[in-house]
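Asks: These came from TrEMBL, pasted as-is:
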TRANSMEM  B:6-25  transmembrane segment
TRANSMEM  B:37-58  transmembrane segment
TRANSMEM  B:64-84  transmembrane segment
TRANSMEM  B:96-115  transmembrane segment
TRANSMEM  B:135-161  transmembrane segment
TRANSMEM  B:192-211  transmembrane segment
TRANSMEM  B:217-236  transmembrane segment
TRANSMEM  B:243-265  transmembrane segment
TRANSMEM  B:271-289  transmembrane segment
Amino acid sequence: MRLRLEKRPQPARHWIYLSPVLAVLVTMLAGGALFAALGKNPVAAISTIFWEPLFGEFAFYYRPQLLVKGAPLVLIAIGLALGFRAGIWNIGAEGQYIVGALTGAGVALAFYPLDAWFLFGLMILAGALGGLAWGMIPALLKLRFGTNEILVSLMLVYVAEQLLAAMALGPMRNPEGMGFPGSRNLQNYPAAHNAELIAGSGMHWGVVAALIAVIFAHILLGRHILGYQIRLTGQAPRAARFAGVNPARLILFCLGTSGALAGMAGLFEVSGPAGQVSIDFNVGYGFTAIIVAFLGRLHPLGILAAGLLMALTYIGGEIAQSELGLPAAAIQVFQGMLLFFLLAVDVLTNYRLRLLSRAPDPSRSL
Amino acid sequence: MDLSSINPVLLLASLIAASTPILLAAIGELVVERAGVLNLGVEGMMITGAICGFAIAVNTGSPFAGFVMAALGGAALSLLFAALTQIALANHVASGLALTLFGLGLSSLLGQGYVGIKPPPTPKLDIPLLSDIPILGPVLFSHDLMVYLALALVAAVWGMLKYTRAGLILRAVGENHDAAHALGYKVVRVRVLAIAFGGACAGLGGAYLSLVRVPQWTEGMTAGVGWIALALVVFASWKAGRVLLGAWLFGGVSVLQLNLQAAGVAVPVEYLSMSPYLVTILVLVIMSADKSRAPGSLGRIFHASQ
């Protein structure tokens, strides 16, 4: 008896939907085992992470957090998914996020204390342009010199982190901050504050932007010629070239869009939940968004669901940290596992597991 | 600013030491890529090796045991990648990213009790007579065992790829896996072995950081070295000898910027710290024009049915 993988003539439709669910379930099991190994009650830990934020005693406080944490993840993942679909790997979203936050907050700090209605719009524009510029570096280098966009975009994350530190300690430091690192707190600057639109709902402009991005991406991929070209390039690059798809334009579009979206996400975060440019205002959303993009099957609606689920693990993880003493790193491992299992389960979409009961016939062995 | 405080002999000596982690990780990844596998998980395997080696060295008091465990830890993690890409036929890029994200989380979980501890010192091998030669002595002949091991590994990989049958099979698998399969070579087995070797090397490189270079444990301490090692393989056009050259270049840049920081150059520290990453991008720009050297099956998924 042995198992063999047999290629399916067409990807199995039901597995496209089933595999993320299965991956989440397997991750819960493996994560439970991990938590048990850390000496925690696995059932309590899993239910704290997945149940408590939604239906627990303090759910009224945690539910809005779902939107606050999910919005940047969805916004970034939407951009990444466009590129991933076309085989263009932008994994430097964290850097674009940081630079977008810096340029956006820079506009606010430059105009301080101007109280104008257009200021916030200008900040969003600056944030998007900052992320766009940072994303264009790997794109242009790839087009001009053939460099690998994976490595360049990632190197730029480390450059952006150093730039953030330089800004928080230097030009953007709060002049009234008693010498502490970090900029003015934008939450105390009404014209620049990304405040909740409805008090207590967690709904801020970033959430709105994320929803708009989902809708636009959905239409783009399903209805627009550019979306068709993206999908074609990802599935059959040679065929796409024969069909007249311009690869250079796709690279510019995908890296530019994902950079701009990540930059906007950074701006919404720094002017809202985070409040100020500080050395560590970024918490790795740019990297977690990669998991979100894959968990959502690179599909806009899927990403919306995956972003909320990932936000849930962030919030639940924090609760488990304070209530059960679960280490923060355990949640990081948990999220990493999720991507692992997702990729592993994915094989069932394209291949069928065959149980061969007889010894393989040597005349038709592989 | 006092540039005269920078001693060129010490600079060269620390260049050799600083290039060792990158060299170890890059030579491992070179073998992996020559087998046609693109493992972007180097950073994750390095940092897992760093904490495995550190924890074992602290608990046993033996840096040697630490290095062994680091290699095993790196290899064990890389087998997860092997399972994903070789058995579950998952995309190499995505799986490598998963490995890095997982490795970063795992290492900070494992490393919780080890922050702020000093590891046992790794002894330096002062080679008698040779290490007394002025200039050359301190630069070349007064390092620890791992430095020489890394250099020996480069030589061994170079010889293996160029002169042995095993090297020929590995290259065949990397250049055209369908042809290699048709000739009866076990594509998956060769690749899994290569991946494990790459993981072990990355683990050793990570442990060299946590046990010798820094030496202590901090979260995320590899800070992109694994990614630079990946860039180095491109820079080296998939040739073992040129990996050495590249590692010295990056070692030199990182040592020089540290020395400039210490000498108090009138540039903020953060901008100096950017330099290794910017140099990596620059090198990629210069070296990427010639793509012909890349192994033919690099990053492609192999299944015997196709």
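Cβ coordinates are placed from backbone N, Cα and C, and glycine is handled just like the others.
Let's see these features in context: how buried, what's close, how far.
Replies: Remote same-chain residues near the transmembrane segment (B:37-58) are listed as 21, 25, 28-29, 65-74, 77-78, 81, 85, 92-93, 95-104, 106-107, 110-111, 114, 117, 119-120, 174, 191, 194-195, 198-199, 202-207, 209-211, 217, 220-222, 224-227, 229-230, 298-299 (criterion: CB distance under 8 Å, separation of at least six residues from the stretch ends).
Packing against the transmembrane segment (B:64-84) from elsewhere in the chain are residues 39, 41, 44-46, 48-58, 90, 95-96, 98-99, 102-103, 106, 119, 146, 191-192, 195-204, 206-208, 211: each is 6 or more residues past its ends and has a CB under 8 Å from a CB in it.
Proximity of distant same-chain residues to the transmembrane segment (B:96-115), defined by a Cβ-Cβ separation under 8 Å and at least 6 residues beyond the stretch ends, is recorded for 38-48, 50-52, 54-55, 58, 77-78, 80-81, 84, 217-220, 226.
Within the same chain, residues 21-22, 25-26, 29-30, 33, 40, 42-47, 50-51, 54, 100, 104, 107-108, 111, 114-115, 117, 119, 202, 205-206, 209-210, 242-243, 245-247, 250, 276-277, 280, 283-284, 287-288 sit at least 6 positions outside the transmembrane segment (B:217-236) and bring their C-beta atoms closer than 8 Å to a C-beta of that stretch.
Residues 1-3, 5-6, 11, 14-20, 22-23, 26-27, 30, 151, 154, 228, 232-233, 235-236, 272-273, 275-276, 279-280, 283 of the same chain sit 6 or more residues outside the transmembrane segment (B:243-265) yet have a Cβ under 8 Å from a Cβ within it.
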Asks: With a Cβ cut-off under 8 Å, give me the same-chain residues at least six positions beyond the ends of the transmembrane segment (B:271-289) that come close to it.
Replies: 224, 227-228, 231, 234-235, 237, 246, 249-250, 253-254, 257, 260-261, 265
Asks: Any residues 6+ beyond the ends of the transmembrane segment (B:6-25) with a Cβ under 8 Å from its own?
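Replies: Long-range Cβ neighbours of the transmembrane segment (B:6-25): 42, 46, 135, 138-140, 142-143, 146-147, 150-151, 153-154, 201-202, 204-206, 208-209, 212-213, 225-226, 228-229, 232, 243-244, 247-248, 250-252, 254-256, 259-260, 263.
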